[in-house]
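Note sheet for the following structure.
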Amino acid sequence: MALETDQQDPARSAKRVGGILQRHDSLYGDAEKVSSAHHHGSQDNWIRTLRLAFQCIGIIYGDIGTSPLYVYASTFTSGISNVDDLYGVLSLILYSIILLPMIKYVFIVLYANDNGEGGTFALYSLISRYAKVSLIPNQQAEDATISSYGLDTISAPMRRAQWMKKSLESSKVAKVTIFLLAILGTSMVISDGALTPAISVLSAVSGLQQKAPQLNQGQIVLISVAILVVLFSVQRFGTDKVGYSFAPIILLWFLCIGGIGFYNLIKYDVGVLRAFYPKYIVDYFKRNGKDAWVSLGGILLCFTGTEAMFADLGHFNIRAVQISFSFVLFPAVSLAYIGQAAFLRKHPEHVLDTFYRSIPEPLFWPTFIIAVAAAIIASQAMISGTFSIIQQSQTLGCFPRVKVLHTSKLYEGQVYIPEVNFVLGLLCVIITVAFQTTTDIGHAYGICVTSVMIITTILLVTVMLLIWRVSIWLIIPFCLVYGFIELLYLSSVLYKFIEGGYLPIVIAIVLVIIMAVWHYVHVKKYWYEMEHIVTNEAAKQLIQAHNVKRISGVGLLYTELVQGIPPIFHHFIEKIPFVHSVLMFVSIKHLPIPHVEVSERFLFRNVESKTSRMFRCVARYGYSDKLEDTKEFAASLVEGLQSYIEEGHFIADMQVQETEAQTTSIADSNTRPRKAGSSTVYIEEALTASETAGLTQPRISSYSAHSSGRISEEQSRTIAEEKQFIQSELQKGVVYILGETEIKARPGSSFVKKVVVNYMYTFLRKNFRQGEKAFAIPRQQVLKVGMVYEI
């Protein structure tokens, strides 16, 4: 059976050496199909693409689309001293939108998606598939057989890509650096989620002062806070119909600002169109020097929300985003900025409230209502994005456990996290009350935007070198151009550090510390279990030594190990010499891909002996997959186990399964998939270390349904009895055995390690959700086994 991403028959395409299928390194997968028909969304028909283009207007463009509310006010904080400066600023705005959101993101970055998913963690997971940069050593060769893993085999990889892969895998510094970049980028996006609602709602509500000048800034802030409280209060209801509900409002907003911009252009000064001539940028910097550089901190607000286009890609496709950006967003916001510049040429004194001052009188109230609605939608998109990012971080072991609620049966990616919603709402209210103006919030906002862009650029270059294998002569100018632009913008906003720029850095540092501490201990815990692993032979001796009795029912012992038996089992048997009639060591493993098909979910293997009815199961999920409830999970697990038992007899007849007891190391594994109807059962075959050196793609043999004719009547009867026994034990009840491990720094550890492990991690663990709550396991079915790990 070949990888589903490879359209060739393995019998024809694979080379055999001495009768054995030759193994290929996963780096050799053909990942450079940037323009091929296999890219995410490229095979969608045009009707669906246009429908998605309409939907994405309402979801991913709210933030960047509402920027005309405050860009000029944030740029000319001290007023306009020379009206000719408007040419330079407008030119900077137009070319910033063209170079960064349009060319870089819409036509380059979007192609670096992870099976359709975008964002910083998607880039990290994409890199993790092609090079083993994950700090947790739970990679298994059989993972590459998953249809969405996306690794095809080619014969001649480029030397540079191979060198890049070896360099990343052999350097712990490189692995840690890539991980820190991923969590820093994620932290900045979360910080953005706290700032977007504040600046968007505040800027929209400030328009009230045009018609009600008696309102002071404090009252405007209170109105904004009230809207924010309502916005975060209704998050628990979800946004089931977000695409079709929001899209008409944002489309109406774009038509409104585009139309008003065109009206102002004709009415006030058509001459501002000369801003398309980039010479005015040079003149602006010559004329203003340092002040022009400082003003970049306001100009960059014109492309806030750019990262949302990439992060929310999973709901759409590349072509839909490209169409909607090029033909809807770009013309509308460009006309809005051009029209405002034309208005300011005649009325430079109104720069602090340009947007509402430039609206024709009869259109004020309709525009105001649409602006407030658009600001709320922009906030909603960022809040939902924050929930999704934290969910991804949690599944990859980078964030403490929190309660994740899926709010829609139709839209899988829509989640709600109560704890995060409360903290995010509280931060938004505090930020709005503390800063009170969009100018000060803008200083903080800019650092988030530019920091994430720089991190995306670094990770994207890694993808170009490792996966796309782009010519170095194209990568160098890309790095020089975008590195210069983004660092220039970042230096400008950092200049306003004490005026609000410190806020996202503080939030990001707190989040990075939380994520780094949690992941550090998570990795150390995994290594501890690997070092104290219980082999099959040791398990057999343990059971015999303690005269272990079997009790009715099914026991599911949860462990993070994907190979071998965890040390907590030894502790459990020593204290309670009883195990269930059917015992499974269950590992919930999240792969560096968004989704895993249900038919490819489970890997099974016998533990100790075939008659012991003890099994190991690895349940594989993508980082965007929803975990089933306990009853559904247990039923799926038993169903897969019954198929495995039948498959196990085939393997016994062919004498290909007797190796795990001879190895205690974590070796990459092989799989033997068997398709029966619509389901697939993967049977794990452990290999020796010598066999698995450099292995990332498994040997594969296939079994047809006709193979059943090779089973004797006695074997068929044995299979039926085993399956019936397991089903009957399932009906007697399922007990979930969880390790209540206390993590401590081992004696002799450094002071910093003791603080991190004994205090910081312990605090996080006690104040976030425990295992049974995270897995939604009924309390009456939980059995906790306490043990101390000294790492």
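Glycine too: its Cβ is placed from the backbone N, Cα and C atoms.
For 52-72 (among others), the entry in TrEMBL reads transmembrane segment. Within the same chain, residues 41, 44, 89, 93, 101, 196, 199-200, 203-204, 242-251, 253-254, 257, 298-299, 301-306, 308-309, 312, 315-317, 319-321, 323-325, 328-329, 332-333, 336-337, 340-341, 344, 351, 354-355, 371, 374-375, 377-382, 438-439, 442 sit at least 6 positions outside the transmembrane segment (52-72) and bring their C-beta atoms closer than 8 Å to a C-beta of that stretch.
What TrEMBL lists as domain 'K+ potassium transporter integral membrane' is 52-536.
Note on the transmembrane segment (92-112): residues 34, 39, 64, 71, 118, 123, 126, 275-276, 278, 281, 284, 296, 299-300, 302-303, 306-307, 309-310, 313, 318, 321-322, 325-326, 330, 333-334, 337-338, 453, 456, 459-460, 463, 468, 481-482, 485-486 of its chain, located 6 or more positions outside it, place their CB under 8 angstroms from a CB of the stretch. Among the features that TrEMBL reports, transmembrane segment is placed at 92-112 (among others).
Taken from TrEMBL, the feature transmembrane segment covers 173-195 (among others). If one looks beyond the transmembrane segment (173-195) by at least 6 residues along the same chain, the residues whose Cβ comes under 8 Å of a Cβ in the stretch are 119-121, 123-124, 127, 133-135, 167, 304, 307, 311, 382-383, 385-386, 389-390, 393, 398, 424, 427-428, 431, 441, 444-445, 447-449, 451-452, 455-456, 458-459, 462, 503-504, 507-509, 511-512, 515-516, 519.
Annotation comment: TrEMBL describes 215-234 (among others) as transmembrane segment.
The transmembrane segment annotation in TrEMBL covers 246-266 (among others).
Residues 60-65, 67-68, 70-77, 88-89, 92-93, 96-97, 100-101, 105-106, 109-110, 113, 118-120, 189, 192, 196, 284-285, 321, 325, 333, 337, 378, 381-382, 385, 388-389, 439, 442-443, 445-446, 449-450, 452-453, 456, 488-489, 491-493, 495-496 of the same chain, all 6+ positions outside the transmembrane segment (292-311), place their C-beta atoms under 8 angstroms from a C-beta of that stretch. Per TrEMBL, the feature transmembrane segment maps to 292-311 (among others).
Residues 49-50, 53-54, 56-57, 61, 64-65, 67-68, 71-72, 86-87, 89-90, 93-94, 97, 101-102, 106, 251, 254-255, 257-265, 267-270, 272-273, 275, 302, 309, 350, 354-355, 357-358 of the same chain lie 6+ residues outside the transmembrane segment (323-343) yet bring a C-beta within less than 8 angstroms of a C-beta in it. Per TrEMBL, transmembrane segment is recorded for 323-343 (among others).
For 363-383 (among others), the entry in TrEMBL reads transmembrane segment. Tertiary proximity for the transmembrane segment (363-383) is limited to same-chain residues at least six positions away from its ends with a CB under 8 Å from its CB atoms, namely 58-60, 62-63, 65-66, 69, 192-193, 196-197, 200-201, 203-205, 207-208, 210-211, 227-228, 231-232, 235, 239, 242, 246, 249-250, 252-253, 256, 260, 305, 308, 312, 355-356, 421, 424.
Per TrEMBL, transmembrane segment is recorded for 415-435 (among others). Residues of the same chain lying 6 or more positions beyond the ends of the transmembrane segment (415-435) and with a Cβ under 8 Å from any Cβ of it are 193-195, 197-198, 201-202, 221, 224-225, 228-229, 231-233, 235-236, 238, 383, 386-388, 390-391, 402-407, 441, 444, 500, 503, 507.
Sequence annotations record features per position, and here TrEMBL assigns transmembrane segment to 441-467 (among others). Only residues 6 or more beyond the boundaries of the transmembrane segment (441-467), in the same chain, are considered here, and those with a CB under 8 A from a CB of the stretch are 27, 31-32, 70, 74, 100, 108-109, 112, 120, 123-124, 126-127, 130-131, 160-161, 164-165, 168, 178, 181-182, 184-185, 188-189, 191-192, 195-196, 198-199, 202, 297-298, 300-301, 303-304, 306-307, 310, 431-432, 435, 475, 478-479, 482-483, 486-487, 489-490, 492-494, 496, 499-505, 508.
Taken from TrEMBL, the feature transmembrane segment applies to 474-495 (among others).
The transmembrane segment annotation in TrEMBL covers 501-521 (among others).
Residues annotated as domain 'K+ potassium transporter C-terminal' in TrEMBL: 552-791.
Remote same-chain partners of the transmembrane segment (246-266), defined as residues 6 or more beyond its termini with a Cβ less than 8 Å from a stretch Cβ, comprise 54-59, 61-62, 65-66, 68, 272-273, 328-329, 331-340, 342-343, 358-360, 363, 366-367, 370-371, 373-374, 377, 380-381. On the 0 to 100 pLDDT scale, the domain 'K+ potassium transporter C-terminal' (552-791) averages 73 in the predicted structure.
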